[in-house]
Amino acid sequence: MPTINQLIRKGREPQKAKSKVPAMEKNPQKRGVCTRVYTTTPKKPNSALRKVAKVRLTNSREVISYIPGEGHNLQEHSVVLIRGGRVRDLPGVRYHVLRGVLDTQGVKDRKQSRSKYGAKRPK
């Protein structure tokens with residue numbers, strides 16, 4: 001614990017908040033190119049094959065991002081837009097791919113929560 005004299009000389013330094021999405025560099029979304037599209041398994045106690053993509057961003061950072069929704073058309077060299085937001089049961093996955101933007105198609109036959117999956121209004 002510092003003495004009063006030390007506090008007068010130096011003062012307390014406010015703690016800096018560390019970003020949860022450093023690769024975004026304070027941007028809401030960022031564009032990138034898929035370098036690898038694959039499936040991975042979640043942590044215990046969940047079980048599934050989660051679709052993820054390794055993306056090289058325009059700031060030349062490589063990140064792993066989750067592809068939400070049922071079915072996707074992404075492959076290597078697809079251009080995608082990513083947003084922040086981690087997937088709790090996939091360690092190291094801190095970003096989401098935006099559906100219905102650039103090379104990513106929206107989810108087919110989606111009736112509810114369409115805006116989150118880039119699906120147009122059904123006729």
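Each residue, glycine too, has its Cβ placed from N, Cα and C.
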The annotated region 'Disordered' range in Swiss-Prot, which must be one of 1-29, 30-58: 1-29
The region 'Disordered' (1-29): DSSP-derived helix, strand, coil residue counts: 10 helix, 1 strand, 18 coil
